[in-house]
Amino acid sequence: MAENTKWHETLHDQFGQYFAVDNVLYHEKTDHQDLIIFENAAFGRVMALDGVVQTTERDEFIYHEMMTHVPLLAHGHAKHVLIIGGGDGAMLREVTRHKNVETITMVEIDAGVVSFCRQYLPNHNAGSYDDPRFNLVIDDGVNFVNQTSQTFDVIISDCTDPIGPGESLFTSTFYEGCKRCLNPGGIFVAQNGVCFLQQDEAIDSHRKLSHYFGDVSFYQAAIPTYYGGIMTFAWATDNDALRHLSTEIIQARFHTSGLKCRYYNPSVHTAAFALPQYLQDALATPSS
């Protein structure tokens with residue numbers, strides 16, 4: 001792709017967004033997907049896979065803070081964390097900020113994503129790949145959760161949209177495997193798209209997860225990069241009390257953690273579970 005052109009996202013057929021490309025840093029077809037990293041004056045460095053934006057330097061902190069601190073502070077004493085995907089390293093960066101976490105396992109299907117992001121998106125991982133608690137596994141996430149002998153307190157599925165390599169991370173086989181290796185009282189979270197435009201994905205995830213977990217819901221955050229409104233995150237656990245913790249309890253845990261965040265705070269944490277009525281209605285409608 002030439003510089004000083006416009007890169008158009010291809011996620012939706014009838015509408016979408018574009019980014020001006022100031023400088024292409026890297027573009028290659030890896031073993032699994034088409035990867036491009038380029039610079040944009042408004043959003044900094046941008047990474048896209050198979051024509052869909054995955055992350056930008058400008059607003060990645062919102063996504064990664066909400067995907068990590070919500071489940072970890074709701075759990076309260078997570079020791080072992082599993083990240084599925086997350087090759088850019090930012091999810092790992094946020095998990096390493098929790099000093100009570102003892103082990104962090106990251107399973108990424110595409111070694112190329114890890115390598116190229118370490119080189120071209122260094123601010124995302126911020127040195128977290130060198131954390132002694134961290135273990136990188138290059139493997140398919142579905143295969144890992146169904147075969148590992150390890151168990152985890154929190155599982156974070158930092159998956160792409162349900163197309164290409166990411167499609168398998170929205171299947172019952174994957175969810176069943178996550179339940180299999182999740183400790184009692186554990187929490188599973190996953191990105192689930194922009195619910196206004198991808199409502200069927202939320203409905204499908206809710207239906208499938210409900211077969212394996214006693215409490216299944218969603219929480220939300222506003223992330224400009226993800227076109228179309230509010231980003232939705234799937235939430236699944238067998239302890240329904242964890243979704244209803246008071247702001248005061250979360251505030252106490254947040255204070256003890258010593259975290260300093262740019263988006264996340266205890267009030268945002270509790271408010272994030274308030275879902276718009278159209279999504280509540282859709283989730284309450286029986287599947288045909």
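Yeah, the Cβs are placed from backbone N, Cα and C, and that goes for glycine too.
Annotated features, as they stand in Swiss-Prot:
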- Asp158: active site, proton acceptor (ACT_SITE)
- Gln33, Glu108, Asp140, Gly141, Pro165: S-methyl-5'-thioadenosine binding site (BINDING)
- His64, Asp88, Asp158, Cys159, Thr160, Asp161: spermidine binding site (BINDING)
- 5-238: domain 'PABS' (DOMAIN)
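Structure coloured by features recorded in Swiss-Prot.
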residue	record	contacts (Cβ under 8 Å, 6+ apart)
His64	spermidine binding site	Ala90, Met91, Arg93, Glu94
Asp88	spermidine binding site	Met47, Gln54, Thr55, Glu60, Val113, Cys117, Leu121, His124, Asn125
Glu108	S-methyl-5'-thioadenosine binding site	Gly85, Gly86, Gly87, Val114, Leu136, Val137, Ile138
Asp140	S-methyl-5'-thioadenosine binding site	Val107, Ile109, Ser168
Gly141	S-methyl-5'-thioadenosine binding site	Ile84, Gly85, Val107, Ile109, Ser157, Cys159, Ser168, Leu169, Phe174
Asp158	active site, proton acceptor	Met67, Ile83, Ile84, Gly85, Gly86, Met91, Ala190, Gln191
Would you mind checking how many other C-beta atoms are within 10 angstroms of the C-beta on Cys159 (spermidine binding site)?
21
Taking 10 A as the limit, how many CB atoms besides its own sit near the CB of Gln33 (S-methyl-5'-thioadenosine binding site)?
21
I'd like to know the mean pLDDT over the domain 'PABS' (5-238).
94
DSSP-derived structure type at Asp158 (active site, proton acceptor), helix or strand or else coil
strand
